[in-house]
Amino acid sequence: MEKNKEGGGLFIYFAAFSVNLITFSAGSAYSWTSPVLPKLKDQLESPLLKPPTIAEESWISSLTSLGALGAPILAGILSEKIGRKRTLLAFSIPMLVSHAITAFAGAIELYFVARFLVGLGCGCVYSVVPNYLSEISEDRNRGLINCFMTLMITTGLMFNYVVGPFVTVMVLSFGNMVPLVLFLTLFAYFVPESPYYFIARGDKSSAESSLVKLRGKQQVQKELLTMMSSVETVGGNRGSFKDIVKSKALIKGLVICNGLMVIQQFSGINAVLGFMEQIFISSGSSIPAEYSAILVGGVQMLTVIVSTQLIDRLGRKILLIISCGGSCIALTSMGLYFYLKTNKFNVDALFWLPLFSLILYIISFNLGLSCVPWALMGEIFPTNLKSIASTITTCFCLALAFVITMFFPQVSITLGMAPSFWGFSVFSLVGVLFTHVIVPETKGKSMSEIQEILGARVPK
């Protein structure tokens, strides 16, 4: 019996790893521009006949977010109709096609198409994966399991920083196809559908089979009853958009999640990740841009690993406050460096400040802002409205990401780097206040307990 229990306990981590192979690809989609854009402007390395314009660079960077913007709506519908698993498998196909296109593309228009296609997959990932992870996890490890998503996003980001500067666009594209092939193999054949999906459809037998594989038989009956009770708590119906206005708990959850998404995106993370090499080049630092990007990416990965261990120990709220406060300090110092440089001050003695500031920013961001909003999205929405609420939140987040990546290059030229980074720092400071006043602590609480905190009526 003990062996069975341990097997179930270990399998859930394999399941979380397998589903997050597609999350790796979503992460790599956002850092892909960092090593590739400099190559497209280099006549010796570029597969294009002429270098892209500033506007074309902006489109290459932002079309991923634009493609991702509409995907959560379709993914949300499909995840309820055909399940979380089949939906994720279906959306991995356009991601594979995207990398095949960039491997052989010789025209800028093909890059536009490829970036839009990979965005479709990203939109599905950000909408469906947090829910799937929350639904297969236990109360004691839900925060850790949800942070697998951020860890794999970071690993995908790091892949392009480490490999991208030293290989061709074609080789990098083929490299990005590998995790998707592994995903289609491991997740498709070895990992079960979410038990909550089966319960919502009245298929108790399949839900039990899913739990047997995820946990071990001795835990199944008690947890299955808890899951069924959680679904009954929200009325057993599958919900619709009109049900949103009837639920004060859901409205409060939407305010919390979408507020955190505003803070997450307007702290500038996608601008920093997508244009990291170019930011270092603009700083004039004596440290080579590609090596600075690798170092920052490495620090990012280590910090995410640490945060996965802390989220279920310290809690979501304290990590968010530390994260926002540290990001504010880092972005302010980065803005100060660019202000001094732009105004002709001698910054030779401060050559270390850009790298130090970005490392501090990445550490701070990944302690909380990176994973906690997504973890909360999987926790605080009621089961029957989770797909709809997650779709709204994900679309909103991706719309913000599109705005940031589309306009950051032009804004940084028009206003300057210093005002851009100071603007990001203001939103980080607002994040400290927002978290302290509005965000609840969900550490160690069941889905029903979280709904009770938000004001939902829970049967006793």
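Any Cβ shown, glycine's included, is placed from N, Cα and C.
Noted in TrEMBL for the protein shown:
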type     : residues : note
DOMAIN   : 11-443   : domain 'Major facilitator superfamily (MFS) profile'
TRANSMEM : 12-32    : transmembrane segment
TRANSMEM : 59-79    : transmembrane segment
TRANSMEM : 88-108   : transmembrane segment
TRANSMEM : 114-133  : transmembrane segment
TRANSMEM : 145-163  : transmembrane segment
TRANSMEM : 169-191  : transmembrane segment
TRANSMEM : 249-273  : transmembrane segment
TRANSMEM : 293-311  : transmembrane segment
TRANSMEM : 318-339  : transmembrane segment
TRANSMEM : 351-376  : transmembrane segment
TRANSMEM : 388-408  : transmembrane segment
TRANSMEM : 420-439  : transmembrane segment
Quick test of the contact rule: Cβ under 8 Å, at least six residues beyond the ends. What residues does that give for the transmembrane segment (12-32)?
64, 88, 91-92, 95, 115, 118-119, 121-122, 125-126, 129, 132-133, 136-138, 141, 145, 148-149, 151-161, 164, 172, 176, 179-180, 182-183, 186-187, 190-192, 214-215, 270, 273-274, 276, 297
What else in the chain is close to the transmembrane segment (293-311), if you only count residues 6 or more beyond its ends and a Cβ gap under 8 Å?
31, 34-35, 143-144, 146-148, 150-151, 154-155, 157-158, 161-162, 165, 276-277, 280, 319, 355, 358-359, 362-363, 366-368, 370-372, 375, 443
Looking at the transmembrane segment (318-339) and the transmembrane segment (420-439), are there 3+ C-beta pairs under 8 A, with each pair at least 6 apart in sequence?
yes
Going through 88-108, 114-133, 145-163, 249-273, 420-439 one by one, which has the most CB pairs that fall under 8 Å from the transmembrane segment (169-191)?
88-108
Quick one: find which recorded stretch in 351-376, 388-408, 420-439 has the most Cβ pairs under 8 Å with the transmembrane segment (114-133).
388-408
Outside the transmembrane segment (145-163), six or more residues from its ends: residues with CB under 8 Å to it:
12-13, 16-17, 20-21, 23-32, 34-35, 129-130, 133-134, 136-137, 172, 175-176, 179, 273, 276, 293-294, 296-298, 300-301, 304-305, 307-308, 311, 366, 370-371, 374-375, 378-379
